[in-house]
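Engineer: Sharing the feature lines straight out of Swiss-Prot:
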- 30, 31, 32, 33, 34, 35, 36, 37: ATP binding site (BINDING)
């Protein structure tokens, strides 16, 4: 699977761009603020419905324009698909797939599985549990057909339960919500546990290659006491939840922890080592998807050289080449990505939102 063409209109500082892309490595070179990260963000937005640097639509729409428009062509294993997304300043989205409107953003995500590696991506390791839940949920979304519907319903019921907690006086008034919520919560938790167990060996193998000096352990925490039934716990915790005004325990508190010698990796590893670990997690997840479903991820790597010395850059470059996936890499100069440049690569020069193809001779 590869994105063969990308059209960008009024996104960030890019007025208009029409890019013919290659299945291997696509390099974006330019000074800071030139717009190279905006290209990566446009691809990410086409696959997620939102940008990775801002959740507000108005901030990614070019100045004085009413909306941004993105189009892409995806070369799949059997057919070519056409996808499109537009969003106005009020946040209203339109999704088009193969010429027809009325589709959902989740359908774009299924067609364009994307792994993102950015300088801000350390939050996967040193940020709150929500970032690691998102990591697990990405895998469950692409591996369990019923996951997204169950997850969406669970989130809706959690919101309704939290609102009800601020109005009810005894647990019986919540029972109707919990009878719906508990089966979904347990199913989501089981899917996450199964996925984390299934991918652990892939992560460990990649980490052994990237960080052989560390022995890492992985553990999934479902968000409530493993000895307790969730239905019983919710009833037992009612008074506490009512005082708090929200549900304190459940799958919305789940986490996926990584340790070395019993210590959290964020407290032991250097920033360069943490970046390699982050890359290992993203690569392992993408390779697991390929093995399970035959789908290849798109890898978006912003500021490739950040935190990595030349040895580590070569290591990451070789591993990315081995995936045979489509890779988009941004860098300030061509020298920073010389370890990646090969016969299957295409280089773009980005200057003040203008994108041109650059010869690699």
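Note: Cβ is positioned from N, Cα and C throughout, glycine not excepted.
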Engineer: Fewest other CB within 10 angstroms, which one of the binding-site residues 30, 33, 35?
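Structural biologist: Candidates: the binding-site residues 30, 33, 35. Fewest Cβ atoms within 10 Å: 33.
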Engineer: What are the other residues, in sequence order, whose C-beta lies within 8 angstroms of the center of the C-beta atoms of 30, 31, 32, 33, 34, 35, 36, 37 at the ATP site?
Structural biologist: 38, 330, 332, 350, 351
Engineer: Quick one: among the binding-site residues 31, 37, which has the most Cβ atoms sitting within 10 Å of its own Cβ?
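Structural biologist: Result for the most crowded candidate: 37.
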Engineer: Pick the one among the binding-site residues 32, 34 whose Cβ has the fewest other Cβ atoms within 10 Å in this structure.
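Structural biologist: Relative to the other binding-site residues in 32, 34, 32 has the fewest Cβ atoms within 10 Å.
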Engineer: Going along the chain, which residues six or more apart from residue 36 (ATP binding site) have their CB under 8 A from its CB?
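Structural biologist: Within the chain, residue 36 (ATP binding site) has Cβ neighbours under 8 Å at 28, 29, 30, 330, 331, 350.
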